[in-house]
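Q: The following block contains the structure, expressed as structure tokens.
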Amino acid sequence: MTDTQAAAERIAQLRTELDTHNYRYYVLDEPSIPDAEYDRLFRELQALEAEYPQLLTPDSPTQRVSGTPASAFGEVRHEIPMLSLGNAFEEQDLLDFDRRVREGLADLLPGGDLLGGGAEVEYSCEPKLDGLAVSLLYERGQLVRGATRGDGSTGEDITSNVRTIRNVPLKLHGEGWPEILEVRGEVFMSKAGFEALNAKAVETGGKTFANPRNAAAGSLRQLDSKITASRPLEFCAYGFGQVSGTLPDTQVGILEAFRGWGIPISRELRLVKGAQACRDYYDDIGRRRDALAYEIDGVVFKVNRIAFQRELGFRAREPRWAIAHKFPAREELTELLGVEFQVGRTGAVTPVARLKPVQVAGVTVSNATLHNMDEVARLGLRIGDTVVIRRAGDVIPQVMQVVLERRPADAQAIEVPEHCPVCGSAVERTQLVKRSKGKESISEGAIYRCVGRLSCQAQLKQAIIHFVSRRAMDIDGLGDKIVEQLVDRGLVASPADLYTLTYEQVFELEGFAELSTNNLLTAIADSRKPSLARFIFALGIPDVGEETAKLLARSLGSLERIGKALPEVLTYLPDVGAEVAYEIHNFFADEHNRQVIAQLRDAEHGVQLQEEGEVAAEFAACASLAGFIDKLNIPFIAATGAEKLASRFGSLDGIIRADWLDLRQVERLPERAAKSLRDFFDEPANVQRALAIEAQLREFGMHWQSERKAVEGLPLAGQTWVLTGTLEAMSRDVAKDKLEGLGAKVAGSVSAKTHCVVAGPGAGSKLAKANELGVKVLDEDGLLKLFDEHGVAR
């Protein structure tokens, strides 16, 4: 076979593969490979066609914009084709683009020459949104048509759907717009909108989307515009098509005019001069990429002067005056070599993908999270599969999907080990149950756990690492490596063992000398008097983060109350749902955990908890009989029915004793609700449980109120404070804890709603902002005086 024949075969193969991917991407909205893989195939085809120009044909994917309109929508012919942009993947690609532009404008630039010398070119710069390109046609200021790009020449008529996008003006604002104006831009979905859409889909059992781009495309191409209207779509203009009238003579000027007419444009639009300034913009947007509210995959540079754009013109499928500088791919293809199982702090046995190493977003990736076995099942994953992996920012790489057409015949199923890979204990499957706000319990999949607890070194190490962390017991100098040594040498088998370590035991650890040994023992001793909130957080209760730990400590006041609180009682705490309440209750009900806590509180060697006291007034005053009845989750008894029952009978005992005739006298209480209530309390276990909950509420100081009361029991309740600069008497974390203990919310930024800013040495922009807004400012002495006034220990 000759080289030409081999090239012809490869070209035919590439064209078929690219056409297939184009169809899946543009028509079905179901991309089967990452953009980076498509770009590689496309560049390979371009290179072969350049080397063998006799094999170039008009129907090659390199000679047209991808996609064909779906038959379900009417067709729209674009008077001016909607072409795609050329791509730059390396800095040299950008420099080559700038050189070609300057060469093409040699006769128009001051001091220009045929080699691209002379003045620098002005470029407009904006992020490249990852959405769907559309055209909006305005006639006499009225929106008359919306269309997709389609194949660049013919798109789909999506007018009724475009009209539902809230930031698309149906009538242009102001004046001076052309009689006919075609606005081109991107329809996209913000990250927050995408997450909310998927969360809603999960709740209703609907289909979730893989990414915001797919969600935007799928939403925009709905035949029922009511569905589109329910989706959080947005539009951002980046250019224009046909125009009957006049527009400004620069790209930036046109976009600024759009903004004046009510058409949204990018807030990141900038005008720069020269290739280096373009590179600086690219770097700046790249650094801020993860903080942006929407997904982008690069930036777009366009020659700013429209006259220069016309002079440069077009080539086969793209303008010569614009280029998209792509970011390193966040999605790549690789092979799943195997799956290993790791054991976490709570004993959860989770699968981790071992991958054939691949570069993703500039980093070599060989491992990726699989979350849990439900995710493995959802993906339909097998060892040997070709998979799409994604890495964004600091997020752990994830397996996004399986490329089924590349699955090998010998692909192997993934099975959970029967025994813990670390300690050999049994692995048990636990069904997760979500207790919804309604009356039903909903299965949420399963989790696999090692039953070895602290006898499992993996669980023990992670438990100790969490226990000593800065926001928990804050034992300085006890890093991960030291914890591993302590566990591996058998010196620590429980968090309580930290407080019995001797000088000799620590001194013998690798890397320790006299000073470091004394420092560590001092740090351990200094942690013996933690606040109740820190101690609760340090215990590592599943689903209990730092804020929930503070809430528990502030509301219930003592470890004893928290430990014996029934889950139904815990749900009276704000932001504590049923799932978290059951996790807390089950943790303290577990005998093993109770033993560990008892060891930690040993009078001779353990910790002495601070800030233990009474139940908070806000918690004690928040209960109502109607709310209590509603929380019992009796079928057909909703909040309204519960209020009627509370009003009619006045006490739980009265409701329990009510017979059928009594219940029928409750105004507008449905018969099925009355029957359900009677059936519920005919079960002795339900009566016993309800009375136990009421008894504990009363023990904790609650009394039924006809309405919920908000008690302003803390001196700084409702106030927002900000800490900035360096504090000398205490760390900012300690100051934050003390302010929160007084009821304040401690924020990270200053606004007009900020009550006070505490500024230590080195305070910068936050102090300046406070002065600008007229916000009260305290120095450290003022803060300490405040603490003294309210009896807060320094």
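Cβ from N, Cα, C; glycine included.
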Q: Among LYS171, LYS207, LYS273, LYS326, which residue does Swiss-Prot annotate as binding NAD(+) together with ASP35, ALA36, GLU37, TYR38, ASP39, SER84, LEU85, GLU126, ARG149, GLU186, LYS302?
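A: Checking LYS171, LYS207, LYS273, LYS326 against Swiss-Prot: the NAD(+) site match is LYS326.
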Q: For the binding-site residues listed here, CYS420, CYS423, CYS450, CYS456, which shows the highest count of neighbouring CB atoms within 10 A?
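A: Neighbour-count leader: CYS450.
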Q: Near ASP35 (NAD(+) binding site), which residues of its chain come within a Cβ-Cβ distance under 8 Å, counting only those 6 or more away in sequence?
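A: Result: ASP297, ALA329, GLU331.
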Q: Other residues with Cβ within 8 Å of the Cβ centroid of CYS420, CYS423, CYS450, CYS456 at the Zn(2+) site?
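A: Going along the sequence, the neighbours come out as VAL343, GLY347, HIS419, PRO421, VAL422, GLY424, SER425, VAL427, VAL451, GLY452, SER455, GLN457, ALA458, GLN459.
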Q: Looking only at the domain 'BRCT' (711-794), what is the model's average confidence as pLDDT?
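A: Looking only at the domain 'BRCT' (711-794), pLDDT averages out to 85.
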Q: Using only C-alpha positions, which one of GLU37, LEU85, LYS302 is spatially nearest CYS423 (Zn(2+) binding site)? These are the binding-site residues in the record.
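A: Ranked by Cα distance from CYS423 (Zn(2+) binding site), first place goes to GLU37.
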Q: Compute the C-alpha separation of LYS302 (NAD(+) binding site) from CYS456 (Zn(2+) binding site), stating it in Å without decimals.
A: 60
Q: By the DSSP assignment reduced to helix, strand and coil, which category contains ARG149 (NAD(+) binding site)?
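A: Once the DSSP labels are grouped into three classes, ARG149 (NAD(+) binding site) ends up as coil.
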